[in-house]
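A.B. asks: Below is one structure. I have some questions about it.
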Amino acid sequence: MITGNLKASYAADERVFDNRNKWAFFAASLAVLAGMAGFANDYVILVACQMGILLIAVVGVNVVTGYTGLISLGHAAFVAVGAYTVAIFHAGFAGVIPDGLMALIAIPVAVAVSALVGIIVGLPSLRVKGLYLAVATLSANFIVIFLIEQEAFAHWTGGMVGINTPAPDFFGWELDTKREMFVLIAALGVLTLLAVQNLFRTRVGRAFIAIRDRDYSAEIMGISLLRYKLTSFAISAALCGLSGALFAYFYARILPEQFELALSLELVAAMIVGGMGRTMGPVFGVIVIVMVPEVIKSLFGVATGGEASMAQLLAPLQDIAFGLLIVLFLLFEPLGLNHMADRALRAMNRWPFAR
Amino acid sequence: MGQFLQFAINGLMSGAIYALIAVGIVSVFKATKVVNFAHGYVIMVGAYFYYTFAVLIPGAEWAPAWLASWQPGWLMEMREGLPMFSPMGAVLDWVQNLPRILFGLAGAVLANAALGLLIERTLMRPLMGQSVFAMIMITVGLISILAGAAQLVWTADADFVPHIAPNAPVRFEMFGTTIFLFGADIVNMIVALLIFGAIVAMVRFTKSGVAIRATAEDQSTAYSMGISVPKVFSRAWMLAAATGAIAGAILATRNGISPSLGLFGFSVLAIVLMGGLDSYVGVFIAALAVGVLEAMTQWQLGGDWAEIVPYVAVLVVILIRPHGLFGQKEVERI
């Protein structure tokens, strides 16, 4: 039990930040992000940008899998849809829409298109759940990537070799450095987290959680499964679309193979490692999932002394570490890092009494 | 018509191999209620074991010469004066390779069964009774571990392995058109069908098969009736891995060996769900149907469209019949 947490009204109980510690944590996070934007070196900015892009997508997966209980192994498809929508929109409307407004229109369009695709992919969720849904979404991922790679659409998508993507431009301010992109990504990342935290104090969010806990009971209580399952898919796909849009803006070129099953698994892995159905879970998870390969890379570099003949062993080692992360967390800490953080905080709160 | 028949037969042959892969997923699901997303990668490792025992070990310096290439006197005599690429020559080539093929298959089956046992003991047993989600995600994590391990041990370079049967071309007339097949493909199909049939018969008629079926019906009742459920679990995993090794060897002879063999697992997973997870008959029909559909797509639309056929087919089937063509409808207690 958390002490010092007296609530005198329902309104106070339902606040986004329901105690002062959360406010303090939020303010501190903002300060750290601002400090990073100003002072961090280029490598840190690059890694942080990758984390931010991945974070938004993981939050999306968390909405559908963590909160609504629908297993999805195909969310990379929505990231792909978002990224390609931005690229195609920029190419298609070049000259029609002034450059300064392009990104402001392209990002919402990408989000909307992804949400629409999400509703279509979510349709099987009305009939099936559990692993049938996992395979249905996995199939959707294969199909979407396959369509992107087709020669017939290569005029728009670039086919197998990918497509160059523009840098975003807000009213003439072009975000052409990684540092400027970091500001955009961090701002949208924080907004996403706040929006999701807020979502789960509303009727819709509670409906999601009810469906996760027992879908039949939820239906008996008057929650329309049709409506809320599809809403859940739409919201999560929309977030993945946003992540995809940022992906397209951040990198100079996107390739279809970047959005294959491996990315879907990475999103799910980050969610499991961080903690499913928790707001901060994706944050912890993404940090671990992005940092572990980087740490292995640097350790590997030290261990082998940068020998070229050993370099081909790096990727398999990273693969194994990634798989082990999923397996070990499921075996030993299925509630994820967030739960570990909870325990640590609780122990601190109760110190010096029980652990 | 001639083209149609040719592609239909090709499709049936790859369908039989899909069925052989699928039998591993179905067996594990029947016994343990876990759907093994990593089965394709278990197969890939099996293929690499075949490669190790049929190519790498016979090629080693310390291996006896007859293992790499068996050349008894009568064989060499028969080879004398044969023209190049004759069917007889293909058979004799195969006889030469026979020791290492048999050694490779035996080694692959044993090594992969050990791998299946290892997976069951270390990853699945601790999760007994946990949620479906955790079980599925463990096998998803296993995908990366197996893929990484295979690259680490055998490197990612593609290579070739000996065919398990003489690869002589076979031509025959059917409905007035000439059908053209490869001997190895026909034998592969027969092997796949035999193993599939043997496993179905085993589950139906033997004592351990009854144990598997009883466990599938109700784990705790089976336990209280004196069936050792953990033993059933490890048997199912070993069976799946061992059949997977043969499937892997066959796939490797058809497509060459590389870590991307694991991707077959996903299309077979789609096939299994299409047929109904716990129905051998349904999965068999679905496997043949998808094989033929793939061949037809290849014929009409070109090779790359064939690769998404299983995924489109499973989506259509799931939307119409959520538990597959022949799957049992799950009864849920509220």
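Just so it is clear, glycine is given a Cβ too, placed from its N, Cα and C backbone atoms.
Feature list, courtesy of TrEMBL:
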- A:23-39: transmembrane segment (TRANSMEM)
- A:45-64: transmembrane segment (TRANSMEM)
- A:76-97: transmembrane segment (TRANSMEM)
- A:103-123: transmembrane segment (TRANSMEM)
- A:130-148: transmembrane segment (TRANSMEM)
- A:181-200: transmembrane segment (TRANSMEM)
- A:230-252: transmembrane segment (TRANSMEM)
- A:258-276: transmembrane segment (TRANSMEM)
- A:283-300: transmembrane segment (TRANSMEM)
- A:320-341: transmembrane segment (TRANSMEM)
A.B. asks: So if I exclude everything within five residues of the ends of the transmembrane segment (A:258-276), which remaining residues of that chain have a CB under 8 angstroms from its CBs? That is, six or more out.
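C.D. replies: Non-local partners: 54, 57-58, 60-62, 65-66, 72-77, 79-80, 83, 138, 141-142, 144-145, 148, 244, 282-286, 288-289, 322, 325-326, 329-330, 334-339.
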A.B. asks: Considering only Cβ pairs under 8 Å, which range in A:23-39, A:76-97, A:103-123, A:230-252 makes the most contacts with the transmembrane segment (A:45-64)?
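C.D. replies: Per the Cβ under 8 Å count, A:230-252.
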A.B. asks: For the transmembrane segment (A:181-200), which stretch among A:23-39, A:76-97, A:283-300, A:320-341 has the most Cβ pairs under 8 A?
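C.D. replies: Most Cβ pairs under 8 Å with the transmembrane segment (A:181-200) come from A:23-39.
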A.B. asks: Taking pairs 6 or more apart in sequence, does the count of Cβ pairs under 8 Å between the transmembrane segment (A:76-97) and the transmembrane segment (A:320-341) hit 3 or more?
C.D. replies: no
A.B. asks: Report yes or no: does the transmembrane segment (A:103-123) come within contact of the transmembrane segment (A:283-300), defined as 3 or more CB pairs under 8 Å with a sequence separation of 6 or more?
C.D. replies: no
A.B. asks: With Cβ-Cβ distances below 8 Å as the criterion, list the same-chain residues six or more beyond the ends of the transmembrane segment (A:130-148) that contact it, or say none.
C.D. replies: 70-77, 80-81, 84, 117, 121, 124, 157, 159, 256-257, 259-261, 264
